2 protein chains.
Amino acid sequence: MTSSPRYLTGDAAGIHEFLDRYDVFLFDCDGVLWSGDHLFPGTNETLELLRSKGKQVVFVTNNSTKSRADYKKKLEGLGIPSTTEEIFSSSYSASIYISRILTLPENKRKVFVIGETGIEQELRSENVPFIGGTDEAFRREITPEDYKRVAAGDSSLLDPEVGVVLVGLDFHINYLKLALAYHYVKRGAVFLATNIDSTLPNSGTLFPGAGSMSAPLIMMLGQEPVSLGKPNQAMMDAIEGKFKFDRSRACMVGDRANTDIRFGLEGQLGGTLAVLTGVSSKEDFVSGPIRPLAYLDKLSDLLASD
Amino acid sequence: MTSSPRYLTGDAAGIHEFLDRYDVFLFDCDGVLWSGDHLFPGTNETLELLRSKGKQVVFVTNNSTKSRADYKKKLEGLGIPSTTEEIFSSSYSASIYISRILTLPENKRKVFVIGETGIEQELRSENVPFIGGTDEAFRREITPEDYKRVAAGDSSLLDPEVGVVLVGLDFHINYLKLALAYHYVKRGAVFLATNIDSTLPNSGTLFPGAGSMSAPLIMMLGQEPVSLGKPNQAMMDAIEGKFKFDRSRACMVGDRANTDIRFGLEGQLGGTLAVLTGVSSKEDFVSGPIRPLAYLDKLSDLLASD
């Protein structure tokens, strides 16, 4: 759509009308509620306002290294009250997708994980069996014997029950894990990624993100993974699978046009709301190819509705 | 060119005429001279024939983990007499390119290496200073402190003299190395790769290749490296820089249309000769988009010239 987004800051009647249209608000977090470890003023009051009006609030993050329980602790650390049920991380999204949406043969239900403990916790919460992950047995060099065992399909190295390769951010990525993941997919495993963000912000600069863990496999396989993070709709399907909401009465709130707003638009949500406290600029939202329904200078401008 | 390649097997006069046109023969190795650890019958006799006619023979390999000295040992192990001077590996190609073709500022001549000992040996042979590579100091986990040091540009972690990042096959690839390589390029270092083959054959199957080490950086940076391996012409320039041959009187011999034959065609060599003992098929060479000047069933068919 090329229509201009509505600017709601200072427009009390417009905000009131906008909020009335939705029952569910999906929030991107970093750049919307906070930046790094700095909570934006008015974040808590805005969330309280929405809750007081009976709105369902959902926190949607692509960070796969944390489980929902870990993320709840992060929210608490920043002073944001929340329940685990309100949190939707790409690690949880991936687990839901594997357990409730993918149909795997009885003997192919194990997941080979490239990633950290957040993924493992969420797979456990959905009773999905897995190998790899933080297991020290995979944090080693490849040996001459490994090449032969892989080539021979040795079941003590290549578990025949693995039917899914799930790739998230792994601070312990290594050659052996990449080699095994490649062979699992070549043998027929479904290739999934928690998210495909190439970089990860930390300490005010960028580091390799989950997408960078998938990149070698994408190049080797000539195949993209199904990504369960924003903007991929598999994540929206997984959120809907859990909350069963009416998409026409849901609104995605975010700071990035090409992930958050795109996620809401492609998910055919009733609304998309952008804020200017993160990555994308007013110019991006007003004149770019991906435009929200409305935008605000900052999230707490919603407080002017009353 | 869409002209059909000439089929030389059994055509003694054609072979004789073909050989007379060239003074230099550049050989791809695996798939041409041998397959894995199996030397093709007649390989040695064919090389001897060429040498007896005064031809310069050059062995051209994209394998960056071996130095020329290592590769000479491999050739000897397969019974092929050779000298180190006749061997051109992508690790050597990269070293020549850095030392003789790149112009780096006086205080930016250090190379950050992702790769194994073959690269280190060749950089040393060209007196190019480097860090990284097989140094155990880089074979460790990233720490919370590292994020802050990288963000602050701490010179004890990010060496200010690094002006080149060179990425080859590294069996000890890890998160820290990728993070440092990313930041060096963001700070202005030249991004080079020994080669960009996504996979590496071993034990009859495939494992991650040098290209898979560059893949995360390509995704993060949105930038391709200059690759010094076939088919990139930086490798041809480096070979020419060493041998000073007349390109119109040189012939590339290989088994892969999209690397070997393309390498010779784009290098505007006088000849390209394909063999059917490797990756590409007769169909590829006769009807594909990249066609050699001539082709043979197998290299030793050249012995029929007399």
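Heads up, the Cβ atoms here are built off N, Cα and C, so glycines get one too.
Take the CB of A:D28 (active site, nucleophile) and look out to 10 A: across all protein chains shown you find 26 other CB atoms. The active site, nucleophile annotation in TrEMBL covers A:D28.
Look at A:D30 (active site, proton donor): DSSP puts it in a strand. Feature annotation from TrEMBL assigns active site, proton donor to A:D30.
Summarising the annotation, TrEMBL assigns Mg(2+) binding site to A:D28, A:D30, A:D255. Secondary structure from DSSP puts A:D255 (Mg(2+) binding site) in coil. Shown in sequence order, A:D28, A:G31, A:V32, A:A274, A:V275, A:L276, A:T277, A:G278, A:V279, A:S280 are the residues of the chain, 6+ apart in sequence, with a C-beta less than 8 angstroms from the C-beta of A:D255 (Mg(2+) binding site).
TrEMBL lists A:K230 with the feature substrate binding site. The number of other CB atoms found within 10 A of the CB of A:K230 (substrate binding site), across every protein chain shown, is 31.
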Any further residue of that chain within 8 Å (Cβ to the Cβ centroid of A:D28, A:D30, A:D255) of the recorded Mg(2+) site: A:C29, A:G31, A:V32, A:L33, A:G254, A:R256, A:D260, A:G278, A:V279
Surrounding CB atoms that lie within 10 Å of the CB of A:D30 (active site, proton donor), all protein chains: 16
Alpha-carbon distance [A:D30 (active site, proton donor); A:K230 (substrate binding site)] in Å: 13
